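Novice: Take this structure, written in structure tokens, and hold onto it; I'll ask about it next.
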Amino acid sequence: MRTVVWQSLSETQQDAILERPAITEGANITAAVAEVIAKVRAEGDAALFELTEKFDRIKPESIRVTEQEIEEASARLTAKMKQALEQAYANIAKFHNAQKPTPIKVETQPGVVCEQVTRPIQKVGLYIPGGSAPLPSTVLMLGVPAQIAGCRKVVLCSPPPIADEILYVAKLCNIDEVYNVGGGQAVAAMAYGTESVTKVDKIFGPGNAYVTEAKRQVSNDFRGAAIDMPAGPSEVLVIADETADADFIAADLLSQAEHGPDSQVVLVTPSVLIADQVTDAVQKQLKQLSRASIAEKALASSLIIIADSLTQAVSISNYYGPEHLIVQTKNPRELLPLLDNAGSIFLGDWSPESAGDYASGTNHVLPTYGYTRTYSSLGLADFSKRMTVQELSAEGLKNLAPTVVTMAEAEGLDAHKRAVTIRVEKLTARS
């Protein structure tokens, strides 16, 4: 890990060390994904079978996972695993249930009533990556809010073979359809539909560069589907003072570093002693990890920043805007009102990032790459949409008419003006 003293750097140097690595889409990825999308749109299920065999080296008997297969997968899980998944489900459901919006109804002036109502997005698609380890936690983070929001149709795609844990959580979340398909072809299938896969309105979930690019492309096509948020490498920033536990900090940094070689890992502290202790602790703990080689690559570009105060540490964090922000200080809650840009915040020694990743109740689908300045943690609102309603009485329109007419005249929109005056004239004729 590289250690730098913030005050010793010029403004240009400060910007440079906090700059994230470029997300390399590359013309080859863009073109390859466009080709996959076009093929799925043209050939439907046949393309899904062909591409699954090509990329996943598996020839599934069926694209859709049957109810029987889901039941059999559930039966194979241990009681311990089921209990863990069910507790995580309960906590996530409790937190997301609390996010249900309150209807708004306001009389802005006599006879003019304005409302805001919320409706679920009707059809949503959930993408769950494959890889060496199953990600049932991601199914929970996407499936639970979709269930609570009341989405009419929830579709899940994941590369085959789909892990038993994923299928069990799909059952917990009452997901309607599960498909043995991954990669850009899964995104295309959900965005445009095939003979088997339902076309959805919005697609959620992480993935590799090809999945990310496929989501970008379908979201830019009005015939495609909306997506949850832009994606980039995973990140953690830790703010720590001299009271922090160096072993805890090291464990948190490594839990992020093991995600991948492009993971962003940053410690900001006013304590040189803590910086040194964390450096030593990271090296000791690294040797115990099964994914040490991956974590080591991430650590090669990681940072320890020596700030002159906690106030400056907060300022650095707000500028960087991390996906995960861990605060290990004497009074962490005192800093919370000062923290503006972060996907999810973990306060105090006993709040590891892992808790939020799996089971505390918050959502682990978070903005990265500095998007925390404008994007939020995934939540119930992302599976819903707002509509406004207005209802004017005759007297309400009569009282509001002069304002609307004056503004319509100023904008030169005669038909807008006439839509009001024609009504006022009829009211006048009746009286």
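Glycine is treated like the rest: Cβ placed from N, Cα and C.
What Swiss-Prot records for TYR127, GLN185, ASN208 is NAD(+) binding site. Taken from Swiss-Prot, the feature substrate binding site covers SER234, GLN256, HIS259, HIS324, ASP357, GLU411, HIS416, and the record attributes it to sequence analysis. Sequence annotations record features per position, and here Swiss-Prot assigns Zn(2+) binding site to GLN256, HIS259, ASP357, HIS416 based on sequence analysis. The active site, proton acceptor feature in Swiss-Prot is assigned to GLU323, HIS324; the stated evidence is sequence analysis.
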Novice: Which residue, out of the binding-site residues GLN185, ASN208, SER234, GLN256, shows the minimum number of other Cβ atoms inside 10 Å of its Cβ in this structure?
Specialist: ASN208
Novice: Which one is closest to TYR127 (NAD(+) binding site) in space, judged by CA to CA distance, out of the binding-site residues GLN256, HIS324, ASP357, GLU411, HIS416?
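Specialist: That would be ASP357, the closest of GLN256, HIS324, ASP357, GLU411, HIS416 to TYR127 (NAD(+) binding site).
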Novice: At the Cα level, what's the spacing in Å between HIS259 (substrate binding site) and ASN208 (NAD(+) binding site), rounded?
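Specialist: Their Cα atoms are separated by 12 Å.
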Novice: GLN185 (NAD(+) binding site) to GLU411 (substrate binding site): how many Å between their Cα atoms?
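Specialist: Distance (Cα to Cα, whole Å): 48 Å.
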Novice: Cα-Cα, whole number of Å: SER234 (substrate binding site) versus GLU323 (active site, proton acceptor)?
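Specialist: A Cα-Cα distance of 7 Å.
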Novice: Determine the Cβ neighbour count for HIS324 (substrate binding site): the number of other Cβ atoms within 10 Å of its Cβ.
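Specialist: For HIS324 (substrate binding site), the 10 Å Cβ neighbour count is 24.
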Novice: My understanding is the cutoff is Cβ-Cβ under 8 Å with a sequence separation of 6 or more in the same chain; which residues meet that for HIS416 (substrate binding site)?
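Specialist: In sequence order, VAL404, ALA408 meet the Cβ cut-off.
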Novice: At a 10 Å cut-off from the C-beta of HIS259 (substrate binding site), count the other C-beta atoms across all protein chains.
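Specialist: The Cβ of HIS259 (substrate binding site) has 19 Cβ neighbours within 10 Å.
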Novice: Under DSSP, is TYR127 (NAD(+) binding site) part of a helix or a strand, or is it coil?
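Specialist: For TYR127 (NAD(+) binding site) - judged by DSSP and reduced to three states - the answer is strand.
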Novice: According to DSSP, collapsed to three classes, what secondary structure does HIS324 (substrate binding site) have?
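Specialist: For HIS324 (substrate binding site) - judged by DSSP and reduced to three states - the answer is strand.
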Novice: Tell me the Cβ contacts of ASP357 (substrate binding site) under 8 Å, same chain only and six or more apart in sequence, or just say none.
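Specialist: Sequence-distant Cβ neighbours: SER137, HIS364.
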Novice: Counting only other Cβ atoms and using a 10 Å cut-off, which of the recorded positions GLU323, GLU411 scores lowest?
Specialist: GLU411
Novice: Once the chains shown are all counted, how many other Cβ atoms turn up within 10 Å of the Cβ of TYR127 (NAD(+) binding site)?
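Specialist: Its Cβ has 27 other Cβ atoms within 10 Å.
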Novice: Rounded to a whole angstrom, what is the C-alpha distance between ASN208 (NAD(+) binding site) and HIS324 (substrate binding site)?
Specialist: 20
